[in-house]
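Worksheet for the structure shown next.
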Amino acid sequence: MISHTPEVQDINSFSRFEFLKETYGIIWAFIPIFTPVLGITIGVLVIVWLEREISAGIQQRIGPEYAGPLGVLQALADGAKLLFKENLFPSRGETRLFSIGPSIAVISILVSYSVVPFGSHLVLVDLNIGVFLWIAISSIAPIGLLMSGYGSNNKYSFLGGLRAAAQSISYEIPLTLCVLSISLLSNSSSTVDIVEAQSKYGFWGWNLWRQPIGFIIFLISSLAECERLPFDLPEAEEELIAGYQTEYSGIKFGLFYVASYLNLLVSSLFVTILYLGGWNISIPYIFVFDFFEINKTYGVFEPTIGMFITLAKTYLFLFIPITTRWTLPRLRMDQLLNLGWKFLLPISLGNLLLTTSSQLFSL
């Protein structure tokens, strides 16, 4: 009898190698999907912790301190609590609209992260219309809020959904005009090109100095889009109990808060990209690496330090919306609409005309 043990071992090792290769390929295919999701999740948890700590400091009290060191895990504890709570449905409401509304609000905002360049060569999709894609996708979120308000069969919820839709329409136009001014200055609507256009003159090349009026209008409009104080009329507790969230419980109730913080984070990221130079920094860090003769790591170092700079600018900017929550009173609905249509819209139009004129004269 002839033994074929070496051949059998070779076949087994080859099949094991092919299996490992296929497994590695599957895991590698999912890494680009799970990495941004993990990063966004951590970013939202950091925002929640920052808001609670800053709010506690402003009110001269102690913030969360029991869940993890310095209360870092408090947001995870709240999320776990909502995850295991019962999902209740209104007796005479539209069940489909009631269930789909929160998902539309979250998914539409998550898609916006696909065009955000976190650093050099760290962007999922570099489109020629990146900034306008963000505006188009973010305008879908109020539709989900309106569906939630209508499907709840509650007058407070329906009024909250109507307010969210009216507020989004009022402030979407000034926001778009400010973005259009930035596109004219950069000769591109790609988020990557806009950041690179600000890198020519370092710190003084940021669009913040060339578009100060546009920056202020963009800041106010983004606060209104995120429904942050003083623009939180869709969920005003004193008037509408909780607005479109009134009939929700459990994980669906938590999805609205996730959508709110996701929207706040992506708005702050776009402020960093459009006005604060993105991943660029005026310090020439590359010369430090040349001096220590470690140029081989530059391919890894540049995207990493770029992502760190982008996130640092973003979280520093987040102090503004968090602070305004405890310093400014809520506007009335008529004041909010007047501010959007009678003030911000004409000023943003004038800013666009000035930008267009300056670009024409510079040719």
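If you go along the chain as it appears here, the first residue is 1 and each next one adds 1.
Including glycine, each Cβ sits where the backbone N, Cα and C put it.
Residues or ranges marked as transmembrane segment in Swiss-Prot: 30-50, 104-124, 129-149, 248-268, 269-289, 300-320, 336-356.
Between the transmembrane segment (104-124) and the transmembrane segment (336-356), fewer than three CB pairs separated by 6 or more residues in sequence fall under 8 Å, so the two stretches do not touch. For the transmembrane segment (300-320), the partner stretch with the most Cβ pairs below 8 Å, chosen from 129-149, 248-268, 336-356, is 248-268. Residues of the same chain lying 6 or more positions beyond the ends of the transmembrane segment (336-356) and with a Cβ under 8 Å from any Cβ of it are 166-167, 170-171, 173-174, 177-178, 180-181, 184-185, 211, 213-214, 217, 220-221, 224, 231, 233.
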